[in-house]
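**Q** Pulled the feature table from TrEMBL, pasting it below:
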{"type": "BINDING", "residues": "B:H58, B:H68, B:H194, B:H212", "note": "heme b binding site"}
{"type": "DOMAIN", "residues": "B:8-231", "note": "domain 'NarG-like'"}
{"type": "TRANSMEM", "residues": "B:6-28", "note": "transmembrane segment"}
{"type": "TRANSMEM", "residues": "B:49-74", "note": "transmembrane segment"}
{"type": "TRANSMEM", "residues": "B:94-113", "note": "transmembrane segment"}
{"type": "TRANSMEM", "residues": "B:133-155", "note": "transmembrane segment"}
{"type": "TRANSMEM", "residues": "B:181-205", "note": "transmembrane segment"}
Amino acid sequence: MARIGKVMAQVAMVMNLDKCIGCHTCSVTCKQAWTNRSGVEYVWFNNVETRPGQGYPRRHEDQERWQGGWKRTAAGRLKPRAGGRLKKLATIFANPKMPAIQDYYEPWTYDYEHLVSAPLGDDIPGARPRSLLSGDPMQIKWSANWDDDLAGGEELGSQDPIVQKIGDKVRFEYEQSFMFYLPRICEHCLNPSCVASCPSGAMYKRAEDGIVLVDQDQCRGWRMCVTGCPYKKVYFNHKTGKAEKCTLCYPRIEVGMPTVCSETCVGRLRYLGVVLYDVERVGKAAAVKDERDLYAAQLDVFLDPGDPDVQAAAARDGIPARWIESARRSPVYQLAKHFAVALPLHPEYRTMPMVWYIPPLSPVVDALSETGHDGEDAGNLFAAIDALRIPVEYLAELFTAGDPAPVKRVLAKLAAMRSYMRRINLGQAPDEAIATAVGMTGADVEAMYRLLAVAKYDERYVVPTAYGVDEADRGVIEEIGCSLDFEGGPGMGGMGGGAPFGEASGRPQAAAVENFHALRDRQTSDGHTGPPRRVNLLNWDGKGRPAGLFPERDQKAGTAPARDPESRNPENKEPQ
Amino acid sequence: MTPSALDYLLWGALPYVVLAVLVGGTVWRYRYDRFGWTTRSSQLYESRLLRIASPTFHFGLLVVIIGHVVGLLIPERWTDAVGITDDAYHVTALSLGALAGVTTLGGIALLIWRRRTTGPVFSATTVNDKVMYLVLVAAILAGLATTLLSAVAGLTGAPEVDYRETVSVWFRSVFVLQPDVAAMSAASGAFKLHALIGLALFALFPFTRLVHAFSAPVGYLFRPYVVYRSRDRRPTAATRPIRRGWS
């Protein structure tokens, strides 16, 4: 065993693509939680793509054009593909490789007003689409999932960069086509090229849990991160002029809850867990010469949380015992390393992505069943995996830099599991030979089946709470007091300070573990938990002046002040 | 010519008011509006014109700024001492200055035209932006006017007050807290106008998107690519000491 360098923990995700039904619930709930604001109308931190398809933004995988990720130089070093530090600064006045809004889609709303204000006439009034950017009427031509379910078929599907790469073998005719859904979020890479591209140093990887975030106070809107990310998962908020990205729902992760996309996933296909890795091996692993070795290199960076040496090294590097324990139960480690059925998305970008995917066996099963063969027989499935070159090649381009061997290995394991478990379901004797054929034991196959098919909530989401916020560090928490009371915070009478230069300025609202409980109290209590009061317009009868609804009247005018600053502190109140 | 009361007001007092506003305003903005401190780029809306206009404007402006630094901060006797004749200096300064100024003006003209004609970009333009553009363009125009007038004067041999003996002397004197009002009041009208518009621009600076110039990311050249950071215990108040509610 090689020497263990500095151990770091990463909250990672695995998605089982066989179970994705493409319902977009993850995308919608994510959008409701995070990007339901002006400036990010076009932004989907989570989106679900139909593959083959162009994805969102359109053809984002075409790195010849978008120049995302890292490039290995002749000397074996890594450099952002879009250029190093000097080139970044030289092109800072206009980013030459930034996708335009049309590459995502122009956000729109509908002219609902017209439905009620249209003059009486013979025609039923309609709500025409209007651009949310310019307010002008527009033609809707594209959106985040325009080519859903192979909509557009040959015409759009053939524009998929991977389809173009593997040649003209991919068919889009109904009978011969295959498709699957690919939900995508930020990969929270071990070697993030967006972070490397940020001239301001506003983007960072959190040391405790590996979540990649944008410091909104430090971002200056240079837009290099948008180019740097090969997955195009950093977005530019055109209202605030700042970069925004998937936060892995860190306020939820910090209190031990799964991300919104995981929580609401209808197919229950997402797994969350901690992976321990050796940060000193990351640079070397990301720079291996052959792209096809990147998958294996990344696996080598992960440390076995069951190994006492690793546990000792993790404790040495300040990782709390409960995190190490959590890593031992991590479904992500199980699926990625132990069973080795999860694969990284586009390892060839050399960013060491940390959202992994179990490739779908369904294209193989479907093709097999259509030919009239038994789609659950191990022998048939193994033969089909070898014979069906197109889906396998396509999956290999997605997950293993084009190397079909690991994809075939994973699909064979999934096929073996399917076949092995069918025998058990039918009351037949378990056939150990099926498991042996894919290098597993029957017990292994059953354990994998349990994790993939029946795992309950707390088995799928093994998320330890952030350091310093639970009983283990109670002293720290008590120091903090009311978490809304920081200077300029909501508890001090401001909503994160004023906004001297319009809605885009001022301080952003705190969203962190410290105010989680306070926010929950506010959401669940019957009364007001403190100023500033919020008025629910749905309940307001239009009479009177509820406190907090209108701006305060001039005190000299003699009317009662809407809000008395002194009454904020209950101790100052006179007895009634 | 003895300086009038107005001269004292404009060249003796006003510079310090502007300096106070510039420094105080920048500190205030940094403390209270770091979230609003951004380029507010409109590249997402429109890229084709921006990719020509923005570098043209910014690189032109960089040369203009270097020209101002050289012209204002380096005393005439230093260049004399290294043997640069007055004529050689002015020919170089005026030609380079005119070139950079015209480039900058062309860049900003294209930028403003783009801003006006591209729907989404125009929608994203605030009153603050419009005022800033007005003052910025006026400053560039007045600056170009001084350059052209100097060049014309140089060519025709008309008597021309050398800015290095008037404006520059005054500019340096401001920073040693002994404003040489007499030197500035002896400058030509075009220079006075340019200086006044410049002062207005500096006063506006902290309150507009221009602040992004202060965060030119030079540090990027010297930091490792990947940045790690520990979780803030209190993200939004981390930069200021936390006070109890009653204090």
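Glycine residues also receive a Cβ, built from the backbone N, Cα and C atoms like all the rest.
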**Q** Could you check the binding-site residues B:H58, B:H68, B:H194, B:H212 and tell me which sit with their Cβ under 8 Å of a chain A Cβ?
**A** B:H58, B:H212
**Q** Give the one range among B:6-28, B:133-155, B:181-205 whose Cβ atoms make the most pairs under 8 Å with those of the transmembrane segment (B:94-113).
**A** B:133-155
**Q** Given a separation of at least six residues and a C-beta threshold under 8 Å, show me what packs close to B:H58 (heme b binding site) in the same chain.
**A** B:G107
**Q** For the transmembrane segment (B:133-155), find every same-chain residue at least 6 residues outside the stretch whose CB is under 8 Å from a CB in it, and list them.
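**A** Beyond its ends, the transmembrane segment (B:133-155) has Cβ neighbours at 64, 90-91, 94, 97-98, 101-102, 104-105, 108, 112, 115, 163, 188, 190-191, 193-194, 197-198, 200-201, 204, 210.
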**Q** I want to check the contact list for B:H212 (heme b binding site): same chain, sequence separation of six or more, C-beta distance under 8 angstroms. What comes out?
**A** B:W37, B:T38, B:T39, B:R40
**Q** Could you state, as a whole number of Å, the largest distance between Cα atoms of any two of B:H58, B:H68, B:H194, B:H212, the listed heme b binders?
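**A** In whole numbers, the farthest two Cα atoms are 23 Å apart.
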**Q** For B:H68, B:H194, listed as binding-site residues, tell me which one has the smallest number of other Cβ atoms within 10 Å.
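**A** Per-residue Cβ counts within 10 Å for the binding-site residues B:H68, B:H194 bottom out at B:H68.
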**Q** Give the mean pLDDT for the domain 'NarG-like' (B:8-231) on the 0 to 100 scale.
**A** 93
